[in-house]
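*Asks:* So that we are looking at the same thing, I have put the structure below in structure tokens.
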Amino acid sequence: MISSKAFVNITFFQPQSFLMTGIPGLEFAHGWISIPFSSMYTVALTGNCLILLAVRRTHSLHQPMYYFLSMLALSDVGLSFSTLPSTLAVLWFDYRFIDFNACLIQMFFLHFFSVVESSVLLAMSFDRFVAISNPLRYASVLTNNVIIRIGVAITTRATLSLLPLPFLLKRLNYCPGKILLSHSFCFHADVMKLACADITVNILYGLYVVLSTVGIDSLLIVMSYSLILHTVMGLASPRERVRTLNTCVSHILAVLVFYIPVIGVSMIHRFGKHLPHIVHALVAYVYLVVPPVLNPIIYSVKSKPIRGAMFRVLSRKG
């Protein structure tokens, strides 16, 4: 028999594990739901790995635009692997427990690859701006050394921005018995709500990270396209305008595919608390699963060089 004094001495508690949630209200259909999820993960990983192989093996694709596309594909692979093990564990085997430290590691990489993807989309908008506004200096501005520095800067920025998050969560005191997550993976906003402590610092730092990464990136992308549009409108020939803008279509679609779900997740977390849990879950899955699936499809359909290189990679394997 544990005495009441033993409970009084407990001043700090961290759960050994959290309990993940699949699709709320549809637990009975998780087996069927796992089929489209497995298919989407397969398409995402296959498509993005094909892009990486295509760019690596095709000398004509060793250009800044395709190097940035490789970075985007790499971030999509990382984002898919961040959520794949826990999501399929819940849907396939109904295994819902995730270790506390494993949850923090997953959370870090999930947000890390999201910030990296946002930064890469910004770098790609800069690539389009230089290519359209100053095509004669394109090769001299975006040299291999510059691209490497941009890649290092993107990785460093994401790491420094997100490294404090696991430690800010680890310092919190949690409620015994309050271990239910809203998703089949660990979001920072989801985990911090399980704490029985003041989470003001977590809220403010989380807001700072969003504004200083995705917020600034989206603003700079809009500015880049404003300058691109100004340059295009200065072209004399309407046909030339259309041809020039057509080089941006793939990137614009990739930006929309990424940022629309990001805005949706942010709005629902802040203003949609009254909405059913299934809405929160579906929007989060769209945010994390759909961009890695659609990006390879967008670039393979819209970019003839990428499409041809991907087919050559497949034919070699065949």
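Counting starts with 1 at the first residue shown.
In case you wondered, yes, glycine gets a Cβ from its N, Cα and C as well.
Automatic prediction, not curation, is the source of TrEMBL annotations.
For reference, TrEMBL lists these features for the protein:
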- 32-55: transmembrane segment (TRANSMEM)
- 47-299: domain 'G-protein coupled receptors family 1 profile' (DOMAIN)
- 67-93: transmembrane segment (TRANSMEM)
- 105-126: transmembrane segment (TRANSMEM)
- 146-169: transmembrane segment (TRANSMEM)
- 203-228: transmembrane segment (TRANSMEM)
- 249-272: transmembrane segment (TRANSMEM)
- 278-301: transmembrane segment (TRANSMEM)
*Asks:* Same-chain Cβ contacts of the transmembrane segment (67-93) under 8 Å, 6 or more residues past its ends?
*Replies:* 20-22, 30-31, 33-34, 37-38, 41, 44-45, 48-49, 51-52, 55-56, 106, 109-110, 112-114, 116-117, 120-121, 123-124, 127, 147, 151, 154, 184-186, 254, 288-289, 291-292, 295-296, 299, 306
*Asks:* Give residue numbers and ranges for long-range contacts of the transmembrane segment (105-126): same chain, 6 or more residues beyond its ends, CB-CB under 8 A.
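*Replies:* Those are 65, 68-69, 71-72, 75-76, 78-79, 82-83, 86, 98, 150, 154-155, 157-159, 161-163, 165-166, 169, 185-188, 191, 209, 213-214, 217-218, 220-221, 224-225, 251, 254-255, 258, 262, 288, 291, in sequence order.
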*Asks:* Taking 32-55, 146-169, 203-228, 278-301 as candidates, which has the most Cβ pairs under 8 Å with the transmembrane segment (249-272)?
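*Replies:* Answer is 278-301, with the largest number of Cβ pairs below 8 Å.
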*Asks:* Averaged over the whole of the domain 'G-protein coupled receptors family 1 profile' (47-299), what is the pLDDT?
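*Replies:* Across the residues of the domain 'G-protein coupled receptors family 1 profile' (47-299) the model's pLDDT averages 92 on the 0 to 100 scale.
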